[in-house]
């Protein structure tokens, strides 16, 4: 399964980068979303995939029964998902605000400090 | 001695304070330090004369083999004496010269700091210490040359001297490091005995080039001679000091100091002889074209520096003895000449030779001093300059390499120097009286004392040269020649050098007679002067600026896209290269994909593609949502329920947020050309492919022991939780989570502030609430 997901993630990255290279600032934001999703998935998959063994300790035991999925990358990705949402919402509001002030969504028109 | 140098730096720092208390008496008071050093040096003389070396050890950074050890042999003693003695005279002189200058304290700070740096340079035993003092002289002389910083010409000249000498300094640093590698020691005293080992070493060639570059730039050797005349914008006492005893002599000192180590190779002999002879002739030729007193003197310094380099290159016992005599003679007459030039400048308000005349009636003492110094410069008996010149000729006649060429160049230089010296006395002091911008008056005693003493010494040592023999012998011993008993005399009998001197006297007189014609003729060569090394310097500086401008315009063009593309291409190159070099195994197929898993992956791809291609904003957001939910499904399938829940929540809120905000933004427009899109597609596909390869390579690589083993084993016993991911988040990596909360708080504050600027926006409350909800 890992090779399949590796290729999938490569495609997600390609799509994200393509969108980030657009001139439209809204597309840049969509690219940012794709990128954060792709990166989260990358961390998750690179740590190795395990089926049907969530990292839980059954009631009344002190260690999981048998091998479980690695909990550490999951914790890291969880943090990353939440943070990327924070960044994204900030970016979206910033873009919205910039549009209100400058009335352009073309990044090429935003490259000077004076508008 | 180290204490004296360090105290000197401290005193330099205190100069402004002293000036507040002592006023114009500060400079003479400060001259007491170099004067007392002169006494100390004279007290050490018996030791030096006996050929002993005084070693003053002072460890500094022993772990790096850097020490502040000073050592005093004949060579260091001679240079230190010149630095301190002329330094004291220049300090007394400048107290008067800059009497009315409000910046005098600054001047004193710089001059004394420069003096101490120079002293440290000639006394240092450690190569690193030597280099530090070397750079300090470059820096302080930069500030001294640019002393009148309101003047753009001064700033330009100062920067030029810094560029040339500090650029050479970099080469020198590389050269010294290689020298230490080749010789196996950072200590000059130890290196002196390892000449053969160094010359046999593989690094000998490069280190020789680097060291010579450093010395030649500092000592204004061809083709780096141009900064020296430009540095004449400095106040005259600075010029006198820099030219007679210090700065430019630093390169000569370095060559002399390294002579025992590097001096016996053919490359050294030929390079130094040729460059020295060329510089000598060129300096004299350029001097005769000028009418500006200080610039003429500057070029004659270039000529003298060339002569010293030439003598060090020849390297025979006679040549080294001639080097020492020439060095002393030059320091004496050049110091005197510059100080006289300063008196003339102040007395008349002009520095142009053609604007002065008949001053001997008004300034008889100045005329006398100038006459003596010029006789020595011209190399006429009975002054020390004559002995130096005779010694030079006899050394050149014994040279092993290129004898004919260097003799011709040296002869040309000698006759032109004679003419220059004659002009500098005849023009201002003799002939018809000319009107000058200021009515001339005799210089003050404080200002005349220095040049008079120096010129008097030139005469005395010329008449009684055996007084100098001990010093020359001791110094030549410091240069590595042991059996050196040197005899100096005014009269050698009817020899070839005497004939050459006579011939140069006659031809020189001819040049003086036809000076005006010569100058008009050489003025026609003016257009070609820009082709010289100085033109090269400016071309390099211009090119440098243009390069900076071009690369700034290219790399920092304000387009986000090009920054991204640049970063991505670098990433592609570096990571791709690493992958290629490593050439490791790719991932083993592992557990094969099941049908439903493959469908989920296909959904992700489809969602991402659709989001990219859709013209409608709503469709794009929906596609993104589909992709996000597929990712959540992947998390479910591969044992990550917590991630799946978080992803679902976040994805839902993202879609809501986007749906709300995106519709307040303009519709998607196609802003790029097909070619641009193709380019972006290529870059994006390459990076995507690289990421896939990277992942496969990581998955195929060796598995390191997992950090989480500890967390799995201890999650319940220590963290008292049954969900290991939660235990990690709130317990093992709690600080991480705290950081995350802070980031979210900041983002929420930012969002709230931006929306608060326009409070009526309906999206604002929702955004803020979405933020707050997310902390859970």
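The backbone N, Cα and C atoms fix where each Cβ goes, glycine too.
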With the ranges B:320-344, B:520-544 to choose from, which does TrEMBL describe as transmembrane segment? B:320-344
Of the ranges B:240-260, B:618-638, which one does TrEMBL list as transmembrane segment? B:618-638
If you check TrEMBL, which stretch out of B:295-314, B:715-734 is marked transmembrane segment? B:295-314
Contact ranking winner - B:107-124, B:268-288, B:404-426, B:488-512, B:738-757 against the transmembrane segment (B:446-468), Cβ under 8 Å: B:488-512
By Cβ distance under 8 Å, which residues at least 6 away from the ends of the transmembrane segment (B:365-384) in the same chain are close to it? 300, 325, 328-329, 332-334, 336-337, 340, 343-344, 347, 359, 390, 414, 417-418, 420-422, 424-425, 428-429, 442-443, 448, 451-452, 454-459, 461-463, 465, 468, 490, 501, 504-505, 508
I need to check the long-range neighbours of the transmembrane segment (B:593-611): which residues 6 or more away from its ends have a CB within less than 8 Å of a CB in the stretch? 619-621, 623-628, 630-631, 633-634, 637
Sequence-distant contacts of the transmembrane segment (B:268-288), meaning Cβ under 8 Å and at least 6 residues beyond its ends, amount to 208, 212, 216, 220-222, 225, 229, 255, 262, 296-297, 299-315, 399-402, 405-406, 409-410, 412-414, 416-417, 419-420, 423, 511, 515, 518-519, 522
Averaged across the domain 'NADH-Ubiquinone oxidoreductase (complex I) chain 5 N-terminal' (B:62-107), what pLDDT does the model get? Just tell me the whole number, please. 84
